[in-house]
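Chemist: This is the structure I want to talk about, given as structure tokens.
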Amino acid sequence: MLELPEFSTTPTGLNGRRALPPNVSNEEEDEVPTMETIGLMPRGFTLKDALEVQEIFLFNREYDRNKREHHTDKYYNLKLIVRRGQPFHIQITFTRQYNPEKDQFWIEYVIGRYPQENKGTYIVVPLVQELQSGKWGATITHSNDRTIDLNVMPAANCIVGKFRMYVATLTPAGILRTRRNPNTDTYILFNPWCAEDSVYLDDEQERQEYVLNDLGTIFYGDPESIRTRSWNFGQFEEGILDACLYLMDKAQLDLSGRGNPIKISRVGSAMINSKDDEGVVVGSWNNMYEYGVPPSVWTGSVDILLEYHSSKQPVRYGQCWVFTGVFNTFLRCLGIPARVVTNFSSAHDNDANLQMDFFLDENGKVDSHLTKDSIWNYHCWNEAWMSRPDLPVGFGGWQVVDSTPQENSDGMYRCGPASVQAVKHGHVCFQFDAPFVYAEVNSDVVYLKAMKDGRRIVQKVDKTHIGKLIVTKEVGTNRMKDITGLYKFEEGTEEERLALETALMYGVKTHRAQDVVPSTEVDMDFVVGDTTLGNDIKVKITFKNNSQTRYTATAYLSGNIVFYTGVAKCEFKNHNFDVTLEPMKAQTVEVLIKSSEYMSQLLEQAFLHFFITARVNETENILAKQKTIALKIPPLVLKVTMRTRNSLYRQNHTNLFHCRDVGRNLTWESKCIPKREGPQKLMASLSCDALRHVYGELDIHVQKTV
């Protein structure tokens with residue numbers, strides 16, 4: 001084939017080291033010349049004699065073979081959407097019969113404003129006898145008079161985005177191209193079905209779940225009272241694909257890097273939050289939402305992404321599960337397998353020393369001035385599936401990516417991708433942000449007695465409180481799947497100790513509290529009774545004297561209203577009591593918490609945190625235990641009356657209404673037209689200043705009318 005000149009030109013006024021500006025926008029484009037002359041026009045030649053393209057047919061309808069074979073038939077988008085590394089079919093009709101011995105044509109794909117062949121932004125697809133797996137090429141499968149059918153193979157590592165398509169023919173006068181036609185624009189996505197793609201996933205059920213499922217379940221609350229809420233990822237809805245591509249434009253990610261899931265997921269983790277880059281969602285944890293929507297109101301990602309794409313302004317407000325839900329939409333929409341993960345009792349380790357320090361005074365009470373660490377009751381993040389050629393073999397697969405703005409990473413609020421395997425085995429030297437993730441699931445809770453002379457004496461080290469339970473949605477069902485074992489070895493095993501030693505060797509700060517030999521003479525634990533919102537609560541503290549000696553203890557219970565991040569709003573209960581511990585006996589003390597003590601101070605997720613300490617007077621040993629409970633909030637009950645119509649429309653919207661009456665049933669009617677047949681879910685959330693996270697859902701099955 002003739003060697004083709006690149007048609008991009010250097011903009012006027014540019015000088016210095018770069019020949020071209022950065023190519024960072026999928027949306028921007030330069031006009032491609034329809035005619036490039038080569039030398040002099042041959043005498044007697046007219047363009048009427050040239051082979052010209054009359055029509056291009058892309059089989060781009062949702063029921064056509066391309067979208068069905070590429071698993072893109074759910075996208076509500078009229079343009080062709082295919083996955084890289086897998087052939088697709090096109091048909092070209094010329095103005096005259098195609099003669100393979102005399103005529104020469106090729107297909108070009110162009111992306112961005114300054115396309116270059118060596119950057120993968122200008123692609124000349126060669127005609128070949130046989131397609132090679134994972135490499136650009138086109139082969140003619142059928143020829144009939146003026147019409148030819150072709151199979152086109154995109155490279156398995158090509159850029160992910162929206163390409164402009166041209167067909168060029170070689171004439172005696174030069175190169176003749178088709179005119180710019182938006183109808184032939186082609187989206188190319190990641191391909192988990194292609195073994196050569198870096199996001200290849202070899203389990204079909206997992207591909208159906210982690211790529212094609214547009215509805216998920218998010219787990220939250222506390223390990224003893226886990227709540228669930230469905231989330232509409234909506235990655236196939238109208239406008240969502242363009243909104244996701246816009247995020248990479250907004251982040252100014254060079255187009256040449258958009259075939260790399262490592263770069264895309266890292267950029268996405270920064271862009272989903274608005275901190276420092278005017279990204280999608282504004283985070284708010286202060287219970288004040290006057291200028292936006294409370295995080296608990298959102299039931300999906302679609303409204304958020306569409307609003308951001310249209311307004312170009314961050315959407316208010318979100319918390320970790322909102323960031324996670326939107327990020328999951330972004331990843332699945334582009335074809336990267338992704339899932340939502342919840343870590344219960346999640347540490348936010350500011351100094352990466354793998355410990356949460358709680359300071360007690362000499363009487364065993366918590367010193368709030370010295371205690372700065374907090375433990376999130378739960379925290380949601382994402383996992384994305386990809387190979388990691390930048391790491392040693394064995395550290396690909398699930399990668400932690402977190403878009404909740406917690407800590408700065410390389411100058412921006414982002415986290416990951418961090419290999420889950422690396423986190424489990426303590427290889428925190430591997431990029432990106434593995435030490436932070438390791439600390440979230442493996443930190444120790446250290447109780448220290450703050451002496452008046454300035455000394456800090458370690459009283460107890462709790463190695464099991466952090467990362468108590470790590471879960472995700474089970475494939476094919478809405479049930480919860482325990483994946484704690486993917487992140488950490490069982491406490492006390494040889495493997496767990498080796499992982500810790502590896503983490504310490506590879507850079508985790510070593511000024512950790514020394515292990516304390518626990519006293520087994522006196523144990524303390526407590527349980528919290530019925531936790532229904534509005535009811536009185538009984539806290540039962542049990543002391544067990546395992547020795548032959550009689551002891552006395554002075555105990556202190558502190559009850560706090562807390563944000564789900566573990567930060568205390570206020571103390572609603574403090575109670576001191578003494579207990580006498582007879583030899584080899586257990587004794588239980590019951591403390592009553594009246595509803596009037598906590599109801600007026602509740603925050604939106606209704607979390608109560610209890611911290612109980614006791615000082616054994618004879619030995620001065622400190623016993624400490626803490627627990628966070630989520631009050632049970634009544635559900636929102638949905639009932640549906642169905643009316644049928646003979647058409648299926650796509651529609652996704654949020655309805656807001658206001659109710660001022662208390663103690664009454666509320667009936668509200670909304671008309672919905674199903675988007676597609678099959679199992680669907682209706683979701684509703686009720687929000688008021690006094691109580692949020694009131695939520696309901698209803699499973700329905702939509703049948704297509706005849």
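Cβ coordinates are placed from backbone N, Cα and C, and glycine is handled just like the others.
As listed in TrEMBL for this protein:
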ACT_SITE  C320  active site
ACT_SITE  H379  active site
ACT_SITE  D402  active site
BINDING   N442, D444, E491, E496  Ca(2+) binding site
DOMAIN    312-405  domain 'Transglutaminase-like'
REGION    1-31  region 'Disordered'
Chemist: Quick check: which same-chain residues outside N442, D444, E491, E496 lie with their CB within 8 A of the centre of the Ca(2+) site CB atoms?
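Modeler: Once N442, D444, E491, E496 are set aside, the remaining close residues are K463, T464, I466, G467, K488, L500.
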Chemist: Which one of the recorded positions (D402, D444, E491, E496) has its C-beta surrounded by the most other C-beta atoms within 10 angstroms?
Modeler: D402
Chemist: Near H379 (active site), which recorded positions out of C320, N442, D444, E491, E496 have their CA within 10 Å?
Modeler: C320
Chemist: Nearest of the recorded positions to D402 (active site) by CA-CA distance, picking from C320, N442, D444, E491, E496?
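Modeler: Closest recorded candidate to D402 (active site) by Cα: C320.
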Chemist: Around C320 (active site), how many other CB atoms lie within 10 A of its CB?
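Modeler: Total other Cβ atoms inside 10 Å, all chains included: 27.
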Chemist: Mind tallying the domain 'Transglutaminase-like' (312-405) by DSSP state, helix then strand then coil?
Modeler: 15 helix, 39 strand, 40 coil
Chemist: Expressed to the nearest Å, what is the distance separating D444 (Ca(2+) binding site) and C320 (active site) at their Cα atoms?
Modeler: 23
Chemist: So if I draw a 10 Å sphere around the Cβ of N442 (Ca(2+) binding site), how many other Cβ atoms end up inside it?
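Modeler: The answer is 26 other Cβ atoms.
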Chemist: What number of additional C-beta atoms lies within 10 angstroms of the C-beta atom of H379 (active site)?
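Modeler: There are 27 such Cβ atoms around H379 (active site).
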